[in-house]
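Feature annotation from TrEMBL assigns transmembrane segment to A:114-132, A:289-309, A:352-371. Per TrEMBL, domain 'CHASE' is recorded for A:420-644. Taken from TrEMBL, the feature domain 'Histidine kinase' covers A:712-987. Summarising the annotation, TrEMBL assigns domain 'Response regulatory' to A:1011-1143, A:1167-1304. As annotated by TrEMBL, 4-aspartylphosphate applies to A:Asp1067, A:Asp1217.
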Amino acid sequence: MRNSSMDGGISPFHNIRPNEWTKLSGNNVGELHYSSILGFPFLFKSGHQLSFISFELKSSSGTCFSRYVSGFLVQMSSNCKNCSSNGKLCSSIKQKKAWESFHRRADGRKWERFVVFLLLMVAVCGLFWVLTSSNRDSSEWKMETPVSNEFKDQVLPEYCNVSKKEFHALDSLFSQRDRVTSLACCRESGFEMPTSCNITRGLKIQGSQALEKWHKMVAKNVEFNAHCPTRDESITFVGLPFSKDKTVSFISQLGFLSIPSNHLFYRKNELQMKELQDHATYYCDSNSFGLAKICLWILVGVIISFNIPKLHEKFSSRKHEIIQETPCAQQTQLLQQAQSSSRSTGKWRKKMLIVFVLAGVVFSIRLFWYLSEDIILRRKETLGSMCDERARMLQDQFNVSMNHVHALALLVSTFHHGKQPSAIDQKTFEDYTERTAFERPLTSGVAYALRVRHSEREEFELQQGWAIKKMETEDQTLAQDCNLENFSASPIQEEYAPVIFSQKTVSHIVSIDMMSGKEDRENILRARASGKGVLTSPFKLLKSNHLGVVLTFAVYNTHLPPDALPEQRTNATVGYIGASYDVPSLVAKLLHQLASKQTIFVNVYDTTNKLAPIKMYGTDEIDTGLLRISNLDFGDPTRKHEMHCRFKQKPPPPWQAITASVGVLVITLLLGHIFHAAINRIAKVERGYREMMELKHRAEAADIAKSQFLATVSHEIRTPMNGVLGMLQMLMDTNLDARQQDYAQTAHASGKDLISLINKVLDQAKIESGRLELESVPFDLRAVLDKVLSLYSGKSQEQGLELAVYVSDQVPEVVIGDQERFGQIITNLVGNSIKFTQDKGHIFISVHLANEVMLPLDARDEVLKQSLTIVQVGSNASYNTLSGFRAVDRWRSWKNFKNFSGIPEETEKIKLLVTVEDTGAGIPLEAQGRIFMPFMQADSSTSRKYGGTGIGLSISKRLVELMDGEIGFVSELDIGSTFSFTVTFTKAEANYLETMRLQCDPAVPEFRGLKALVIDERRVRAEVTRYHLKRLGISVDITFSMESAYSYLSCYSKTSVLENLAMVLVDQDCWDKDICFLLHNLLKTIKQNGSKNNSGIPLKIFLLATCTSSSQRKELKLDRIVDNVIKKPLRLSALAFAFQEATGFGKTGHNTRAKPSTLRTLLRDKQILVVDDNAVNRRVAEGALKKYGAFVTCVEGGKVAVGLLKPPHKFDACFMDLQMPGMDGYEATREIRSLESEYNEKIKSGEVSVDMSENLAHWHTPILAMTADVIQATNEECIKCGMDDYVSKPFDEGQLYSAVARCHQGLPSLLPDSAMTLNGG
Amino acid sequence: MLGFGAERLRADMNRLLALLFHQGVLDEQYLELQQLQDESSPNFVSEVINIYFHESEKLLRNLRGLLLDREFSDYKKMGIHLNQFMGSSSSIGAKRVRNLCIAFRAASEQSNRAGCLRALELLEYEYCYLKNKLHELFQIEQQRNLAATVRYPQAQHHLNNP
């Protein structure tokens, strides 16, 4: 297109000579190079939504590429990416942090988790909101860019079109003229293409439409070329495409002529835009980054504030722990402290919350302020850029028009004055100006006034045929109505400037003297003096109502140098070209071309006179806040113009700032609300916790109080009961008749029962308060069981029950544990069984290792084997149980035990399984659940029927639990019950066992090696008998009936099998007098044989009887069939006694008579030292010990005692008070012990002869402590300082005995009475 | 007559003892003490009780002296005294005296002088009561013993004088 216009425009002057060309171009600003129009790449790329525009500028001096737009667009897009990626990064970091915090709190309470989740949601939402808003920002800016691009697209073609049309006009104008003229014209008008002809440009227009456009243009061009007559004669133009070869690809090379100023303008514009965009992106960046930072801070704050309560919780929980550790008395105090501390932290939390909310509000206000400031700033900048843009465009448009007028002046100078005759007349001028009017779109008209001096006026008027007229400024009628006749002739002046040529639009001013108008005259004078275009101040244009300015150029007859003096210029002046500019329409037109014209007001002022600016364009100013003033330069330095821009609308409320701050505010309040709720919840929970703690403490205190009350009351009852019992005892000592004696005895027995009950209650209370301490001393398990049996032997005999105990061989003889408690459990169970078993059946206690139950069937104990499966044996409906009555399956009672065989073989611990089987009433199913609850019996009738309080089983259960065991039972109504429990004991050393055994029962060795034959039809019972005999060292054979026994004995009577057979034991059930008689005879013969063979042990027959009246026994004895009747239950001591009685040996005066006598034997003729500072105590002790036949020496203090006990001495024992003034008991004992060891050393080394110390090789005087309060700690202290034992003050006979016995014999002998103390009813 | 008196005296003695037991002045330890009395030591109880009175009066005097001292601060010594008193009291089974001693000791351990003084007052009162009652008891016992020894001739005398 450009090409074609150029072709059309320049071709009239194609014969221009180079020097003329240079001259013409030298007249102008830039250089013209026609020789180097090169092909240039025409970039055509279509990208995404951003138009990729590339400008290629080629200056004559070289080539430079700049891609401003593309550069900045890319930059911007990358910025946006950066921004968004920043945002993502931020968000991911936040999420991570939030997640971490979330995890940290995961073990916390549920609601806290919920709150965290909510917070997270809020934070994420806020983040999204912030990001989207910032993205919107940047997209807004992006939107603006296409607008400006569009604008450029619009403007550029317009400019192109203008110049094309101009060339077209020129060409058509001069096509008929001769070449020289056109050449001259070309030379003069070369400045029209001011700087360079070979500035080329590739403009990319989107889409194929643009391509089509180009097609059309090229076609036109070709057509035009055909029209052009001078086409073939082109010489200097090189490389113009399409001149001949139409087949050449028109896209590849296109030459453009363009107006560099346009480029410059664009470039500037672009630069500015770029700056603006950079600025905007920076803002957008910083904005979003700032918001992200803020969000991050908020989140950090949230996390911290969440951690604080956690820390606090830790702290407080630690405190609570401390509280729990401290004793009860301090608890309340500490609790109060904790309460106050938690209360203060609650307050602190609330304060934090308030601070947080206030900070949030302040922050949101600040944010609002900051964002609105930002918006205002941006608005200001937008206005500024728009205003500047408009001003610059106006200026440029004006300058272009001015150049045209200048060109016209040169044209006139060349063709009117330079030619003789003139090549221009009115017609030609009119025609030319009409056709080139589009070049000066802003001028309403152009006219040429000739300079006529007064001397030439006549001639001129004559020549023109009209008189010079005077301009009448007063007349302001419209141009159409104007009549030349109305103007009066100009008055005589020095010189005139009558208009000779004019454009048609202003043809009415022909012949008017321009010098007559004041403004025009000044203008003309200035113009010819300066040689440049000058402007008038705005005034109402002649005959039109518009404001306008007149531009005047002087036409010189000679070519003047640029530095010509004003006088020279004035002299050279031949005429004036004037053009009137209609400023309002100019501006309006310009603004119309621009986008967003709706948004701003534009006012143009002439501010040459600063005090009174003249408004050239625009409406009355309404103050809408912002005002932007841009300077306009219309090429006339004497005049100053300004453009004022305002926005049409008042600034809208800053919605973004409002939403942002409101959002932040809402988030803050929401967070505040959540925290508030959380704090309230924490406070509530804490309050609840405190209440609960208080209640707990109260409950505990109540429990302790209950236990204490129980203990106290029990104790308090016990004391007067002792009194009652004592008095009863005294009463019974008095002379009472039989009835009174009976009453007294009943009362005494009841009192004893009461005492035992109270002891139980005390036990229960002790166990409940955890104050029961289990002993761990070695004891003989079997002896304990014998004791229990002895307790109940009377009762069982009364009721006709079989009572038996069996201990498996695998159970060690001696174990370490609390024998009293163990005995108590069994006593309780057996007592229960006896209570509920009436007149039939049996009670069978068996003890096995827990592991035995796990053994395979073959390896099991016979009793266990039998008892595991209850089967009917024989025809007479008897079972394989102890008594033949049916019992429950005992294994069911322990099947629920959890850690049954939990103890490995290797460890020191053994676990015993004890079962107590009875054939009693059984427990109803519905009562089985509460059987172990204290004070609960199967039903209320039970206590009526059987008595008892129901506390025994509960105590047993607790005791069992204390011994690491479990208790269980199985029961069936009318069949019986079986209670099983496990206890854990420690194994005792093997050698300990032997010594104990020997000391325990010296009668045992007497029977060792003997043999016995047991005749019993029941296997289990036979096993029990075997067990007892085995304990005596007697080996046992078992037969099931008298007959088999008879045959057995008769078979082996002659052999040595029966060599050691010493006794035959017959159960009562198998008793058959006839066979027995035979047997007796047989035995007699054997006896006779045996008396020869054996070591004098006579063979005896014993009857084992459950219940036999004394008369029956006597009868049997008298018959001499049996040697003795052994009453069941079988016990070691009873058996031994019976055997001894029957055989007559072993009677070594070993008796089990009453305590006092025993104590007497122990203490008789012993020298005993009593050390006590208290005279009363001393006397009492003396009296007590003397009672038992001891010789007592009393001393007052520890020092004297040490002196007396310095070995060798005569004392056998010493009773020492612990608390004495001067040397106390501990110290004295230590001293005595050190003296003794010293002496022992001496004996060893032979310094002291042994006989001096009564064949004692080792001195160790038993020292017994006397203490008022016997507590475990004191006891331990006594043992530590070398005392042997302790007795409580005042002396208790039983205790005294056991202590003394322990000291003298190593262990207490088993007395029935001490067994009585063991039981508990 | 006198034989009957002996029986009555015995009953009186028992009643008095029961009363003392009921009041908690004495406890079973006293019975134990009585059991220790036999032919070998016929006056064992009274002997012990007399020793007790002697010791106790000394201790009470000491305690009072300690407490009334102006610059009194030796609670430890008082504790020792009290321990002794307590030990001897529990030996003869003077329960209430013993309990008061415990209270007294508690007060002295807390260095509570007012409490100590109050306890001392009570203790003295209780001690006096005990002493009186025991004296009464011994008197009855002596009378009874006297009656028992003279019973036979008295009875004879009685028979002789219808």
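Yeah, the Cβs are placed from backbone N, Cα and C, and that goes for glycine too.
In this structure the C-alpha atoms belonging to A:Asp1217 (4-aspartylphosphate) and A:Asp1067 (4-aspartylphosphate) are separated by 56 Å. Using a 10 Å Cβ-Cβ cutoff, A:Asp1217 (4-aspartylphosphate) registers 26 neighbours. Each residue of the domain 'Response regulatory' (A:1167-1304) gets a DSSP state, and the totals for helix, strand and coil are 66 helix, 24 strand, 48 coil. Long-range contacts of the transmembrane segment (A:352-371) within the same chain: residues 287, 294, 301, 305, 308, 654, 656-658, 660-662, 664-665, 667-669, 671-672, 675-676, 679, each at least 6 residues beyond the stretch ends and with a Cβ under 8 Å from a Cβ of the stretch.
Around A:Asp1067 (4-aspartylphosphate), the same-chain residues six or more apart in sequence whose CB sits under 8 Å from its CB are A:Val1014, A:Ile1015, A:Asp1016, A:Glu1017, A:Arg1018, A:Arg1021, A:Ala1022, A:Thr1025, A:Leu1103, A:Leu1104, listed in sequence order. In three-state terms derived from DSSP, A:Asp1067 (4-aspartylphosphate) belongs to an extended strand segment.
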